[in-house]
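Engineer: The structure's right below; bear with me while I get my questions together.
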Amino acid sequence: MPPLDITDERLTREDTGYHKGLHSRQLQMIALGGAIGTGLFLGAGGRLASAGPGLFLVYGICGIFVFLILRALGELVLHRPSSGSFVSYAREFYGEKVAFVAGWMYFLNWAMTGIVDTTAIAHYCHYWRAFQPIPQWTLALIALLVVLSMNLISVRLFGELEFWASLIKVIALVTFLIVGTVFLAGRYKIDGQETGVSLWSSHGGIVPTGLLPIVLVTSGVVFAYAAIELVGIAAGETAEPAKIMPRAINSVVLRIACFYVGSTVLLALLLPYTAYKEHVSPFVTFFSKIGIDAAGSVMNLVVLTAALSSLNAGLYSTGRILRSMAINGSGPRFTAPMSKTGVPYGGILLTAGIGLLGIILNAIKPSQAFEIVLHIAATGVIAAWATIVACQLRLHRMANAGQLQRPKFRMPLSPFSGYLTLAFLAGVLILMYFDEQHGPWMIAATVIGVPALIGGWYLVRNRVTAVAHHAIDHTKSVAVVHSADPI
């Protein structure tokens, strides 16, 4: 099956109309801030409580594979920048059927992530007494409407908002790392207890709850790294991706390792793992325990910003992905048009509409909404990352066959690192199905999702074929025929 020519109209037209409004500083901060969000600021509390201090090992291992995925994405972007990102690459290397599945799984990811973020925002607001009388679903709805309004204006404003929101998140983590290190180095007691490694020995060691909980939290940790792929989508709206992308990816990997692994180690050294609670930010717990309630409020405001930023990024990315799919016939037609400011508003509104289902979930199951949706969203993350790696492997294979030339910025140790990453992602997916509490939700989502994807493809395949043949007639290219087959 021959690939599409990267100059083919079907691959380039989906990027027409976008304003190249993102600058280098914005792209780098989007790449960094996109991966520092709700999964760390809120989710780490419950994972520390269930897995203990050894949680940092899981963050470290997952971080290695995240690095490989980012490098694979970087190689693809330098091969051909596109706002359709990995969905466009799936179309190029595997055909429209794979692009259809990858695109809708990614939409599922961000639609569910939006629910996670609005749920987290409601939890954060309930930290303050003034908001406690307000129902969780009401706060979630307000958050969704505010972020939707911001996202519909322009990509330049999106980039600026994400830059400052990401900067706030980074400053918050750096502040915690500095304050926490001072308490640790000074051997100051917190809440009447010693700090340091002695906390581990006095509370059951590095894995006090056993190895199984450490393994089971892996899916949640994977979700904490979600949104790293956002930099690939944003690359399609920057003027110099070949110059900016390698710098952004390489700098982000080291900083994420420091922030994620460093933060979880420090949290475990400052307080016993039993001090942390599900649905409560561990950073808020720390600052409250050291007797600075105002600091806890400030940190709570910061993590609230993180959730709003993640929600904003999700609406941004799905709008671009759905437009790419719509132009090629596999997405709803109303997601293809753009506003005068270069915003694909149809996909953004569709994602926000799905987010309304999360508002209902918050009203029915407020205590379980976060974890239920997180595990479903994680399947979309895994599908997106697997698609990125699979596309890089195909690019590598074709380069070896002399069909195209690989960029200089490459995934290290390819193809072996790619196969290892795919095996890791498959292992995480299996673990999610065996999760005692949330496994049934995963099974239910699969039972509903797989037939929906199959049925969806049969609904759109004739339109996909028509679009493909139109491109063949227009470009006189036979390279697109494989994507036109309605199998």
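Cβ from N, Cα, C; glycine included.
The feature transmembrane segment is assigned by Swiss-Prot to 26-46, 50-70, 98-118, 133-153, 163-183, 214-234, 256-276, 290-310, 341-361, 369-389, 414-434, 440-460, with sequence analysis given as support.
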Engineer: So which of 98-118, 133-153, 214-234, 256-276, 341-361 is most in touch with the transmembrane segment (440-460), counting Cβ pairs under 8 Å?
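Structural biologist: Between the candidates 98-118, 133-153, 214-234, 256-276, 341-361, the best contact partner of the transmembrane segment (440-460) is 98-118.
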Engineer: How about the transmembrane segment (50-70) and the transmembrane segment (414-434): at least 3 CB pairs under 8 Å, pairs 6 or more apart in sequence, or not?
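Structural biologist: Counting Cβ pairs under 8 Å (6 or more apart in sequence), the transmembrane segment (50-70) reaches the transmembrane segment (414-434), since there are 3 or more.
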Engineer: Sequence-remote contacts (6 or more beyond its ends) of the transmembrane segment (414-434), Cβ cut-off under 8 Å?
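Structural biologist: Residues packing against the transmembrane segment (414-434) from afar: 65, 68-69, 72, 215-216, 218-219, 222, 375, 378-379, 382, 385-386, 389-390, 392-393, 396-397, 442-443.
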Engineer: Do the transmembrane segment (256-276) and the transmembrane segment (98-118) come close, with at least three CB pairs under 8 A (pairs 6 or more apart in sequence)?
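Structural biologist: No, the stretches stay apart by this measure.
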Engineer: Kindly say whether the transmembrane segment (133-153) and the transmembrane segment (214-234) touch, using the definition of 3 or more Cβ pairs under 8 Å where each pair is 6 or more positions apart.
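Structural biologist: These two segments do not touch.
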Engineer: Using a Cβ cut-off under 8 Å, which residues of the same chain at least 6 positions beyond either end of the transmembrane segment (214-234) come close to it?
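Structural biologist: For the transmembrane segment (214-234), the nonlocal Cβ contacts are 22, 27, 30-31, 34-35, 37, 39-40, 43-44, 46-47, 50-52, 54-55, 57-59, 62-63, 66, 69-70, 73-74, 76-77, 83-86, 109, 113, 159, 207, 245, 248-249, 252, 256, 260, 310, 313-314, 316-317, 320-321, 374-375, 377-378, 381-382, 384-385, 388, 428, 431-432, 435.
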Engineer: Who are the long-range neighbours of the transmembrane segment (290-310) in its own chain, taking Cβ under 8 Å and residues 6 or more past its ends?
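Structural biologist: Same-chain contacts beyond the ends: 33-34, 36-38, 41-42, 113, 117-118, 120-121, 124-125, 127-128, 143, 146-147, 161-162, 165-166, 168-169, 171-172, 176, 179, 183, 190, 227, 281, 283-284.
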